[in-house]
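Visitor: Straight out of TrEMBL:
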- A:6-28: transmembrane segment (TRANSMEM)
- A:69-87: transmembrane segment (TRANSMEM)
- A:137-156: transmembrane segment (TRANSMEM)
- A:177-195: transmembrane segment (TRANSMEM)
- A:253-274: transmembrane segment (TRANSMEM)
- A:286-305: transmembrane segment (TRANSMEM)
- A:375-400: transmembrane segment (TRANSMEM)
- A:420-442: transmembrane segment (TRANSMEM)
- A:487-509: transmembrane segment (TRANSMEM)
- A:530-553: transmembrane segment (TRANSMEM)
Amino acid sequence: MHIQDYWLILAFFVLVLVPAPFLGRYIFRVMEGHKTLLSPVLLPIERFCYRLAGVDSQAEQDWKGYSTALLMFTLACLIGLFAILMLQGRLGLNPEHIAGMDWPLALNTAVSFVTNTNWQAYSGEASLSYFSQMLGLGVQNFVSPAVGLAVLVVFCRGIARRSSNSIGNFWVDMTRGVLYVLLPFCLLLALFLVWQGVPQSFMAYVHAKTLLGADQSIPLGPAASQIAIKQLGTNGGGFFGVNSAHPFENPTAWSNLVEMASIILIPAALLFTFGHYVKDLRQSRALLASMLILFVAGFAVTLYAELQPNPALAALPIEQSGAFEGKESRLGIAASALWAVATTAASNGSVNAMHDSFSALGGMIPMLNMMLGEVIFGGVGAGLYGMLLFVLITVFLAGLMIGRTPEYLGKKLEAREVRLLVMTLLVMPVGVLVFGALGVSLPGPAMSISNPGAHGFSQVLYAYTSGTANNGSAFAGFGANTPYHDVMIALAMLLGRFGFILPILAIAGSLAAKKSAPQDGNSFPTHGPLFVTLLTMVILLVGGLTFLPALALGPIAEHLTLLQGF
Amino acid sequence: MMFKQIRPALSVLVFMTLLTGAVYPLTVTAIAQLAFPVQANGSLVRDAQGEVRGSQLLAQGFAGAQWFQPRPSAGDYATVASAASNLAPSNPALAKRVAEDAKRLQVAGQGAVPMQLVTTSGSGLDPHLSPAAARYQVARIAAARNMPRASLDRLIDALLETPLIGPQVVNVLALNMALAENQDLSRAE
């Protein structure tokens, strides 16, 4: 660790935590239709969108209507994007004459971007036209986090409202999320990134003769605009194949800091948005504390593991320092470890170093972060609604312990809500363990593994964890682009997205309909250190314990083998 | 209920496609091309004749003892598509490759080979080296070019970049461009 590493870590937390309360309040005001600084510019655009769509912005939906609207919109996005990817060879804006994708890859990619996963089984500079990048993927980068945000505010309203059948209007929530929350910040971030060196151009690739006379093709494209939303919308799908390790995607230490902070910026702010909905910011701070504990613990382990020399190289006449395979010089080990933890804590999935080449334990923490269900900050909206599920489970368990009907912020949890909660608990195990077990057991799919031994198992485990958790990062040596994995990971992504969203909308609907129980002195407080401890333990036990055997077979086995010297 | 949502679903998608897929990237492009034309077009490096010789941000291969060599590249410095080795720390292929590179690069009396010279980067296009990894090559280059080491050390120092929140690095293409110009000078003498 050098002095600049401490500055980097400090700057990261300042950039994430200082704006959070203000941005959180702003998002609350936007989503509830209050006037904000940007209203004079954006309100006419917003109204135009509703007129075009024939939407009455004052009319609210019940949870079933809201779910239907959300599903119809997702379906339209899925079909539209699938068609664009298949037909990109004929759609123009394609100076490199890139052909259409095969259907399994197009399906995988379409599902991936519609579910805010951004798993990439292709390399952008070689497989996508500018048309597909901008009008296909770029659009989903905006609307998929806005859908997550919409579901979150519905959950907040469910807790905050009393005896109400309606929970909001999907079209309004989604549109406001894009217009007021994502677009303005993306515009600023994109310009900052161009300043740092990210290309933003529609020209064809430039042909250069290198100093020694070789041919070099310099890829360009509207990269900065796409990278900005990729970071802010917890999308993670790189413009270039190697994502933010690419010097065009992440040119300097400063671009790296800002891209990294952008991953967590909105998820951290949403904690405060929640606090404004339930009119109790102590709740926000309690959840923030729990997330920070898990984040810092994971970061400490990853950083420590990455700084250790690789025992397999101990006998060689080389500098015995931390793992540098797959990492960039201008970023270094600390920035790579911090990014890896941030991108998997939030369901972003962009990378600035290759996780496949991380030390065994350094690669395990990103996996564990995803296995916990992406609740440590998590995706835009998705992280906090996942966290709130854990809160409800904690409240339920605490209720069992003290022998009272569990209640959260005045809302009683009854059989129906608990049944729905348990459903969401099954999503990660099914996606990771069942699909993952198939992936390693079937002879054909197991051919995609590129590293021998325990690490090969980790590659499959990582792929299905990333898909189900809607993260999108990878142990990228894994040959993901086979028809089998394209389709199965697409299924895992759909399961991971809608296996949470639909039960959550149902819970929100049922909570909104309840009366608020008076909070007497006997109810279990959900903002103190005791609750934070309990919640953190529940996340680790309920979320993590399921996966301990799998982790023991993968990264832990690899770590022990390396220490043994094979 | 489902069919009533078809119109909003399609029209909101079209609206968003125009706004976030066209207006937004075009706006960014327009401002970027005006405000930062060099960066927006790939930070191209041109020679005295105006020919494009590469990008400041993309590594290129430099075989030969007389050049600063960038970090090894898993994709042999290919730009389309960029590539990483994705070798696991436990993969014997990694230890084998590092051993071979270390043997080739080691200079007697200079100690261990810096880590960056024997590991491939995440992008395969890492344009930089740490100062230590650049200085390790000074003796070899000085011998090959028959020039004093001190002037190479001075060149590295002059091109060092020191961001407050990131590691010190030096750009390999910039070093080699300087060497190329210097070579022309020494020939003229």
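Each residue, glycine too, has its Cβ placed from N, Cα and C.
Nobody curates TrEMBL annotations by hand; they come from automatic prediction.
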Visitor: Under 8 angstroms, Cβ to Cβ: which one of A:69-87, A:137-156, A:177-195, A:487-509 has the largest number of such pairs with the transmembrane segment (A:375-400)?
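Guide: The listed stretch sharing the most Cβ pairs with the transmembrane segment (A:375-400) is A:137-156.
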Visitor: List, by number or range, the same-chain residues at least 6 past the transmembrane segment (A:69-87) whose CB is under 8 A from its CB atoms?
Guide: 61, 100-101, 103, 105-107, 109-111, 113-114, 131-132, 135-137, 139-140, 143-144, 147, 150-151, 170-171, 174, 498, 501, 505
Visitor: For the transmembrane segment (A:420-442) and the transmembrane segment (A:177-195), check the count of CB pairs under 8 Å (sequence separation 6 or more) and say whether it reaches 3 or more.
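Guide: They do not touch: fewer than three Cβ pairs between the two stretches lie under 8 Å.
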Visitor: Answer yes if the transmembrane segment (A:6-28) and the transmembrane segment (A:253-274) have at least three CB pairs under 8 Å among residue pairs 6 or more apart in sequence, and no otherwise.
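Guide: Yes, the stretches contact each other.
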Visitor: Given the transmembrane segment (A:286-305), which of the listed stretches A:137-156, A:177-195, A:253-274, A:487-509, A:530-553 has the most Cβ pairs that are under 8 Å apart from it?
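Guide: If we count Cβ pairs closer than 8 Å to the transmembrane segment (A:286-305), A:530-553 scores highest.
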Visitor: Let me spell it out: take the transmembrane segment (A:253-274), skip the flanking residues so only those 6+ beyond its ends count, and list any with a Cβ under 8 Å from a Cβ in it.
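Guide: Tertiary neighbours of the transmembrane segment (A:253-274) are 4, 8, 11-12, 15-17, 19-28, 31, 145, 149, 152-153, 156, 181, 185, 189, 192-193, 196-198, 227-228, 231-234, 244, 281, 283-284, 287-288, 291, 330-331, 335, 338-339, 342-343, 345-346, 348, 350, 352, 377-381, 383-384, 388.
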